[in-house]
Amino acid sequence: MKELRICHLYGNLMNTYGDIGNILVMEYYCKKMGITTTYDLISLEDDFDPNAYDFVLFGGGQDYEQSVIAKDLQTKKAPLTTYIENGGALLAVCGGYQLLGQYYVTADGTKIDGIGALSHYTRSQAENEDRLIGNVKIYNDDFKEEYIGFENHGGRTYLGDDEKPLGKILEGNGNNGTDGGEGVIYKNTFGTYFHGPILARNENLAVRMINIAMKQRYGAEYTEIPFEDVK
Ligand code: GLN
């Protein structure tokens, strides 16, 4: 039987709006697809082993939680970068998404270093700007899929040249409210501002991520299972 080893990164601290729901959805679909799952919470002072997992969830957090994990995150920079560069499947939400990039400047102007595994950066909300809050709808051209979600962030994220957005904005604000993109895809790492949780509202994306993770782990030995067959 195939197995999906799940790592919930800082799951006890970075879990705004119940981002853990994404893991429950992954477990639900894995069961339907005949895949067993294991779950590890990796948090402050724990080692992250880049070879020990097939899927990583890095949830969202407000500025306070982000500052709590900031220092510890730097100790995991090398193994997390290795995991991402090797094509490991990862979903990062909001505050987690911001910290995979170069840096995030909080509402009070404090700069929190990210791990720089991805090239985006996030500036703080300016005094004359509002938080970006509300429902969002996006379209991904490569997958020909629409995704919906709910965003609530002050930070404005700008993607690097080697990054693609998770989707084009049809409704809502997304990364920065101006360039028409929401979230990121880099290799098999997906980032998004969607809380909600994103995978509960976009089950096709959950099955896509399971297929990606299984292909990565088992190669040609794994045959992709289309969403239509498991929904
Ligand atoms: N604190 C960050 C911001 O406001 C992230 C918020 C979140 O994860 N919801 O931009």
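Using N, Cα and C of the backbone, Cβ positions are placed for all residues, glycine too.
As given in TrEMBL:
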ACT_SITE  Cys94  active site, nucleophile
ACT_SITE  His195  active site
BINDING   Arg131  substrate binding site
DOMAIN    5-202  domain 'CobB/CobQ-like glutamine amidotransferase'
Whole-number Å value for how far Cys94 (active site, nucleophile) lies from Arg131 (substrate binding site) (Cα to Cα): 13
DSSP three-state assignment (helix, strand or coil) for Cys94 (active site, nucleophile): coil
Distance [Cα-Cα, Å, rounded] between His195 (active site) and the residue listed as 'active site, nucleophile': 7
